[in-house]
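A.B. asks: Right, I'll just put the structure down here and ask away after.
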Amino acid sequence: MGACLALCSLASCASCLCGSAPCLLCGCCPSSNNSTITRLVFSFFLLMGTFVSVIMILPGMETQLRKIPGFCKGGTSIPGIENQVDCNVIVGYKSVYRMCFAMTCFFFLFCVIMIRVRSSKDPRAAIQNGFWFFKFLILVGITVGAFFIPDGTFHDVWFYFGLVGSFIFIIIQLILLIDFAHSWNKAWVENAENGNKCWFAGLLSFTVLHYALAIAAVVLFYIYYTMPDNCTEHKVFISLNLIFCVIVSIVSILPKIQATQPYSGLLQASIISLYTMYVTWSAMTNNPNRKCNPSLLSLVSNVNTTQPSGGSPTGQVQWWDAQGIVGLIIFLFCTLYASIRSSSNTQVNKLMQTEEGGGSGGEGVVGEDGIRRAVDNEEESVTYNYSFFHFHLCLASLYIMMTLTNWYKPETNTQVMQSTMPAVWVKMSSSWLGLGLYLWTLIAPLIFPDRDFS
């Protein structure tokens, strides 16, 4: 009897894995929409690849693999068995580059396939919302193939792909944070207007907290990342972004802005300011001048880690630092939020190629096969642009690659990693462009009063 039940369970799972998305997670989310579940599963693929990359880059992983008999070239061997695996490739930054290359190719493939899908009646929508087992096999196949790419110039070329993709993704992250802050502010203001003034106190508390953290960050930046006779770039970066944050904060509460956008306020501006300071910090940590870029470990332990200006790079790479961990946390939040978001912000919906959210779906329906399925809410039209969603995940893969390798540039010998100024300028320019986009969302209704920006 137990075997029969197990076979039935496997058959049910197989029908979900090879069929459509609505039954795949419906046991956990019985009243979710088909579109939401599909995005969650694709995001899970991305997070799974990220988790594998994190494992591959953990300190000491290569040493542990070399202890496995008969596995790594140059490691412990078994008589009569030749070690075949190059552990220099399957761990460290090489493995991250290859894993993220595979994820980028996977999502770019679906980005091309899903161009101009208008509703779930399109045959390609079945590919988008189903056949998960085969999609997983495709991802595994591309990943295995990526590890056979010769070293050569692959890492140098892919580094610049990572720079461009990460630049765009940082802007998308900022757009998602703006949308999150808008939804947060709107929900709490509406609750406060319904009679409970505690929501206003909550908004004020979080706004003050965000600004306090941003101001504290500026002070610490001036203390630890600038010098009286050096680090001119850092002084310019910190000062400019501080001025820009003050400008967008003032603009967000101007009477004319409030008249056209009553839910605009300091909460959104405070979140944008705090995120801008994070990007500024992240950029400064990639400055190759160690005098202007002390590691967080040296700041805490009061150890001088600067190297002579004429010295050659030692090749020592600090894979895990605070800004990288914070970047991963923000990435995880934005990825999950992009999968479940249901926004009423028209401007953000246009930028993110989504439609206005209509709330959650109804109760999941039970099909003829007895499997509970989620609601297909895309029979008339899709609720998000399939192609743009995969393009977003494609950029996210490149961002993960750069974050896990601390935006270091691999040298030609593929043994040394160095910080570079291009990474600094990419991050700073993305922060400026992001602030410009936020400012545009504030003033656009005033410049074009005949257009609907609600």
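Glycine residues also receive a Cβ, built from the backbone N, Cα and C atoms like all the rest.
Reproduced below are the annotations present in TrEMBL:
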- 1-16: signal peptide (SIGNAL)
- 36-58: transmembrane segment (TRANSMEM)
- 100-119: transmembrane segment (TRANSMEM)
- 131-150: transmembrane segment (TRANSMEM)
- 157-178: transmembrane segment (TRANSMEM)
- 198-224: transmembrane segment (TRANSMEM)
- 236-257: transmembrane segment (TRANSMEM)
- 263-281: transmembrane segment (TRANSMEM)
- 319-340: transmembrane segment (TRANSMEM)
- 388-408: transmembrane segment (TRANSMEM)
- 429-448: transmembrane segment (TRANSMEM)
A.B. asks: Would the transmembrane segment (388-408) and the transmembrane segment (198-224) count as touching if the test is at least 3 Cβ pairs under 8 Å, pairs 6 or more apart?
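C.D. replies: The transmembrane segment (198-224) and the transmembrane segment (388-408): touching, no.
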A.B. asks: Residues of the same chain, at least six outside the transmembrane segment (198-224), with any C-beta under 8 angstroms of its C-beta?
C.D. replies: 185, 188-189, 191-192, 234-235, 238, 242, 245, 265-267, 270-271, 273-274, 276-278, 280-281, 284, 294, 299
A.B. asks: Take the transmembrane segment (157-178) and find every residue of the same chain, 6 or more past its ends, with a Cβ under 8 Å from one of its Cβ atoms.
C.D. replies: 97, 100-101, 104, 268, 271-272, 275, 279, 330-331, 334, 337-338, 341, 348, 351-352, 392, 394-399, 401-403, 407, 409-410, 422-423, 426-427, 429-431, 433-434, 437-438, 441
A.B. asks: Under 8 angstroms, Cβ to Cβ: which one of 100-119, 236-257, 263-281, 429-448 has the largest number of such pairs with the transmembrane segment (36-58)?
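C.D. replies: The stretch with the most contacts is 100-119.
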